[in-house]
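Undergrad: Before I ask anything, here is the structure I am working with.
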Amino acid sequence: MPGSLGLPEWLAYPLFLIGIVWLLNLFNFMDGIDGIAGSEALSVTGGSMLLIGWLGMDSVLSDWLGVAAAATAGFLLWNWPPAKIFMGDVGSGFLGYLLAIFALQSANIGLLPIWSWLILLGVFIVDATLTLARRFLAGEAWYSAHRSHAYQILSRRWRSHRRATLGVLVINLVWLLPLAALAAARPALGVVLTLLAYLPLILLGLKIGAGRPESNG
């Protein structure tokens with residue numbers, strides 16, 4: 001696997017482990033309003049299936065992505081705002097772990113470059129990482145419970161879980177999916193396209209106030 005991603009083993013394996021653990025945890029962090037984690041998982045699994053089909057690739061992994069997408073869609077019918085059932089820490093953590101494994105395995109077999117996955121997951125990665133970084137730099141107990149993620153702030157401002165979740169879906173479909181497709185077609189530009197995908201999300205998170213002390217808004 002390390003060689004397939006162009007990384008030496010001494011660097012690749014620690015990065016893979018950190019990535020898996022971080023994705024598992026950030027899905028827990030981001031599963032704070034109705035429908036958002038399920039919508040993100042459906043966007044990523046469905047989007048990756050579309051890209052694999054667009055590239056004319058075929059693999060058993062595509063079938064497993066389809067199973068994950070179908071299961072998530074079925075759950076989302078009941079988790080859509082206002083939710084009747086909830087995912088919980090175990091469910092959201094498992095989703096994050098599963099997507100990390102899908103991403104690494106698809107990159108390993110040359111099905112879809114890791115950059116496409118990082119782009120598809122952009123909303124969750126940027127919101128969770130930016131919020132954590134700002135809380136840490138502000139000297140706050142970053143590991144304690146809080147409500148300063150961008151999506152949490154928006155759901156309070158808009159008084160609606162549904163609008164915040166729909167906002168994530170729009171970003172995923174209109175902004176991130178096309179860039180993920182470009183990264184799939186031109187893997188050599190993956191770093192540039194990932195940065196291009198993340199920059200507006202970072203600026204948006206800063207404007208919303210992600211990671212600021214809650215007493216300041």
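Cβ coordinates are placed from backbone N, Cα and C, and glycine is handled just like the others.
From TrEMBL, here are the annotated features:
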BINDING   Asn28, Asp89  Mg(2+) binding site
TRANSMEM  12-29  transmembrane segment
TRANSMEM  36-55  transmembrane segment
TRANSMEM  61-78  transmembrane segment
TRANSMEM  90-108  transmembrane segment
TRANSMEM  114-133  transmembrane segment
TRANSMEM  164-182  transmembrane segment
TRANSMEM  188-206  transmembrane segment
Undergrad: Let me check the 10 A CB neighbour count of Asp89 (Mg(2+) binding site). How many other CB atoms are there?
TA: 11
Undergrad: Can you work out which residues elsewhere in the same chain, 6+ from the ends of the transmembrane segment (61-78), have a Cβ less than 8 Å from its Cβ atoms?
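TA: Same-chain residues near the transmembrane segment (61-78) but 6 or more away: 35, 38-39, 41-42, 45-46, 48-49, 52-53, 84-85, 87, 95, 98, 102, 105-106, 109, 111.
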Undergrad: Would you mind listing the long-range same-chain contacts of the transmembrane segment (12-29), meaning Cβ under 8 Å and 6+ residues beyond its ends?
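TA: That would be 1-2, 5, 37, 40, 89, 92-93, 95-97, 99-101, 104, 121, 124-125, 128-129, 131-132, 149.
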Undergrad: Using Cβ atoms only, state whether the transmembrane segment (36-55) and the transmembrane segment (188-206) have three or more pairs under 8 Å that are 6 or more apart in sequence.
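TA: No, since the transmembrane segment (36-55) and the transmembrane segment (188-206) share fewer than 3 Cβ pairs closer than 8 Å, they do not count as touching.
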Undergrad: What parts of the chain pack near the transmembrane segment (188-206), using Cβ distances under 8 Å and only residues at least 6 beyond its ends?
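TA: Non-local partners: 113-116, 118-119, 122-123, 125-127, 130-131, 150, 171, 175-176, 179-180, 182.
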Undergrad: For the transmembrane segment (114-133), what are the same-chain contacts with Cβ under 8 Å, counting residues 6+ beyond its ends?
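TA: For the transmembrane segment (114-133), the far contacts come to 5, 23, 25-27, 29-30, 40, 43-44, 47-48, 51, 99, 102-104, 106-107, 142, 148-151, 168, 171-172, 176-177, 179-181, 183-184, 187, 190-191, 193-194, 197-198, 201-202, 205-206, 210-211.
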